[in-house]
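Quick look at what TrEMBL lists:
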BINDING   86, 87, 88, 89, 90, 117, 123  NAD(+) binding site
BINDING   113, 163, 246, 263  glycerol binding site
DOMAIN    7-146  domain 'Alcohol dehydrogenase iron-type/glycerol dehydrogenase GldA'
């Protein structure tokens, strides 16, 4: 069976966040907002005397989810809105699902494909990957405010491109092996077309979007990349499936030095490593060039692990195998092959950066 999953409504553009009070009103009279520290006062001002705003603690961990859920229950929340990045969004999705109430996502950055999906990544309080939690439905409304996203450091937008970069390649691998997607089904042709559109938009608009974002310019390129990062990648990974890129990301989280990197930055390195394991399109050089040009990691030094040991690489590779996404690749893999691919990614990354004078 083939299944596609979507959010109920997706809204993107200048001032989208201003719609939050109106949107939440439709879901009851007790709106509950989970906001990152930098957005707490903005959220309070926007909501006025309606509802309750709680500051997110920083990590999408079981303890933080339970803390916020207890407050939401005591308040009698009729709907939850997340105002922030991927981790408060994921935590809010889990809380809303466990309380059986609607969830609205107001993303302040376009750093991951979390906003549209019906799943959430759970970490330990120290930031080590634990598991993926699946919700009964996708967000009821997603708000992507271009104004707010442009005010964030450009690194967030770049990270989102790193996450989105994996979407087509992982779906392509899953299609070859007939592996199930995050919807626990096979892919429609529409899904595959959207994942390819996601990749095409990244390669077409990504470089210009970085330049424009760094100068605070609202442009077609910036709008296209926000759409690719949030909507196309969100629908694409969930309805298309995951593979080696996210497995390697998960493996990298066992190294404390990588905890300061964003999700998409590690996924980008995982995408390149995955292409060394399986590249039926012969596109790896183009992907390297794109990553270097926009500032995504292509070397161990970029990952803050310049002196990574053989034992640490083995730990990364073994941890990558703790999750079944590796089995979605259409080649026979082993821990040794993954270690070799990690080393090759770094080696070629160093060579290509040197050739570009970076």
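Glycine is treated like the rest: Cβ placed from N, Cα and C.
Residue 163 (glycerol binding site) sits 12 Å from residue 86 (NAD(+) binding site), taking the CA atoms of both as reference points.
Annotated pair residue 117 (NAD(+) binding site) and residue 246 (glycerol binding site), C-alpha to C-alpha distance, rounded: 15 Å. In space, 86 is the closest of the binding-site residues 86, 87, 89 to residue 113 (glycerol binding site), judged by Cα positions. The maximum pairwise C-alpha distance among 86, 87, 88, 89, 90, 117, 123, the residues recorded as binding NAD(+), is 17 Å.
Looking only at the binding-site residues 86, 88, the densest Cβ neighbourhood within 10 Å occurs at 88.
The record gives 113, 163, 246, 263 for glycerol. Within 8 Å of the mean position of their Cβ atoms, the other Cβ atoms in that chain belong to 112, 114, 162, 164, 166, 233, 237, 249, 264, 267.
Across the range of the domain 'Alcohol dehydrogenase iron-type/glycerol dehydrogenase GldA' (7-146), the DSSP-based residue counts are 50 helix, 40 strand, 50 coil. Note: the Cα of residue 123 (NAD(+) binding site) and the Cα of residue 263 (glycerol binding site) are spaced 12 Å from each other. Residue 86 (NAD(+) binding site) sits 15 Å from residue 246 (glycerol binding site), taking the C-alpha atoms as the reference points. Cβ contacts within 10 Å of residue 246 (glycerol binding site), excluding its own Cβ and spanning all protein chains shown: 28. Residue 246 (glycerol binding site) carries a helical DSSP state (H, G or I). A distance of 10 Å separates the Cα atom of residue 87 (NAD(+) binding site) from that of residue 263 (glycerol binding site).
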